[in-house]
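Heads up, the thing below is written out as structure tokens.
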Amino acid sequence: MTDYPIKYRLIKAEKHTGARLGEIITPHGTFPTPMFMPVGTQATVKTQSPEELKAIGSGIILSNTYHLWLRPGDELIARSGGLHKFMNWDQPILTDSGGFQVYSLADSRNITEEGVTFKNHLNGSKMFLSPEKAISIQNNLGSDIMMSFDECPQFYQPYDYVKKSIERTSRWAERGLKAHRRPHDQGLFGIVQGAGFEDLRRQSAADLVAMDFPGYSIGGLAVGESHEEMNAVLDFTTPLLPENKPRYLMGVGAPDSLIDGVIRGVDMFDCVLPTRIARNGTCMTSEGRLVIKNAKFAEDFTPLDHDCDCYTCQNYSRAYIRHLLKADETFGIRLTSYHNLYFLVNLMKKVRQAIMDDNLLEFRQDFLERYGYNKSNRNF
């Protein structure tokens, strides 16, 4: 039996859903699942220190291969002692493959069997990223969990295109496995693609499961499809993945999507959503989204969320935070970012307890009755 550097341990399966309580063991520590992972694109979660992330309860964070390759460079990070040392983070790190960022550059990229040619978004120079190069960069970064290089087709692409795409992604996954220099201390995940086509998702999953990765990601979702379409894909995709390995849904961070993903057996999630909307003054609360810049909060001296015990809510009022953001003070963004990250990490803590108590469906109903499926200011 293969001795993987990444191991999944099931603690409890929820009686009424596909949800599972567990933990993932990595070379830099163990974290509980289901877990939301804050995104630190440039080797930092925007405006948050490592100490703050630990206080929030972030057991693992994500960094971006594409951006770190371009700046400051993966070889420089390797010379510094690796990404953990470079950014002073001694807990697990997951890196993506760079594929999603490359495919976001739709107007300036060319896909071939060898890899992808694209324009550097910083200076316009021509760049080439292959499965082997994506693995080499991540080996230099030294992340605990790495991603295979894949193509992320748009959800509504034609069937024939998606079929060719997933077959190429499977070939790229095999090439990446062969190029992986550090299988003893870095776990490489395969990424299941296939847009909304069940037979293609089945084909992609079968190809990757046969390669025996230590974990599996579900890609190609949260790219414009409806919530119902995402759930339908998860319904037929997650059961295709091994029960004894981690399952990671990429790019998902809306609270309702997190809970529905857990119900369908997903263990890990990431998204830039909490910090991105925080910078615009949008805060997640137990009563829905709150747009703190609105004038009605100018003399509101209550916390962002009456049910939240995070540092922001314990110490600062809506009026003060609104003032900071209106005055373009960075501290305001720090406070809203901290709160939103805490909200999602703490939500997953509550979800884990609901799995333990076998009442996740009731928890979902109660939560969404108050939160309101991401509708802004539902009860304000």
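Cβ atoms here come from the backbone N, Cα and C positions, even for glycine.
The feature active site, proton acceptor is assigned by Swiss-Prot to D96. D96 (active site, proton acceptor) has a Cβ environment of 30 other Cβ atoms inside 10 Å. Taken residue by residue with DSSP, D96 (active site, proton acceptor) is part of neither helix nor strand, so it is coil.
Under 8 Å, Cβ to Cβ, and six or more positions away along its own chain, D150 (substrate binding site) finds S97, G99, T169, W172, A173, I191, Q193, G219. Annotated substrate binding site per Swiss-Prot: D96, S97, G98, G99, F100, D150, Q193, G220, in sequence order.
Marked as region 'RNA binding' by Swiss-Prot: 251-257 (among others). For the region 'RNA binding' (251-257), the model gives a mean pLDDT of 97.
Under the three-state DSSP scheme, D270 (active site, nucleophile) falls in the strand class. For D270, the entry in Swiss-Prot reads active site, nucleophile, with the evidence type sequence analysis.
Per Swiss-Prot, the feature region 'RNA binding' maps to 275-279 (among others); the stated evidence is sequence analysis. Within the same chain, residues 38-39, 45-48, 289, 333, 336-337, 339-341 sit at least 6 positions outside the region 'RNA binding' (275-279) and bring their C-beta atoms closer than 8 Å to a C-beta of that stretch.
C313 (Zn(2+) binding site) falls within a helix when secondary structure is assigned with DSSP. Other Cβ atoms within 10 Å of the Cβ of C313 (Zn(2+) binding site) number 23 in total over all chains. Sequence annotations record features per position, and here Swiss-Prot assigns Zn(2+) binding site to C308, C310, C313, H339 based on sequence analysis.
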D270 (active site, nucleophile): tally of other CB atoms within 10 A of its CB: 21
C-alpha spacing of D270 (active site, nucleophile) relative to C308 (Zn(2+) binding site), in angstrom: 21
For G98 (substrate binding site): intrachain residues, at least 6 apart, with Cβ closer than 8 Å: N64, T65, Y66, W69, L129, A134, I137, F149
Inter-residue Cα distance where the pair is D270 (active site, nucleophile) and C310 (Zn(2+) binding site), in Å: 20
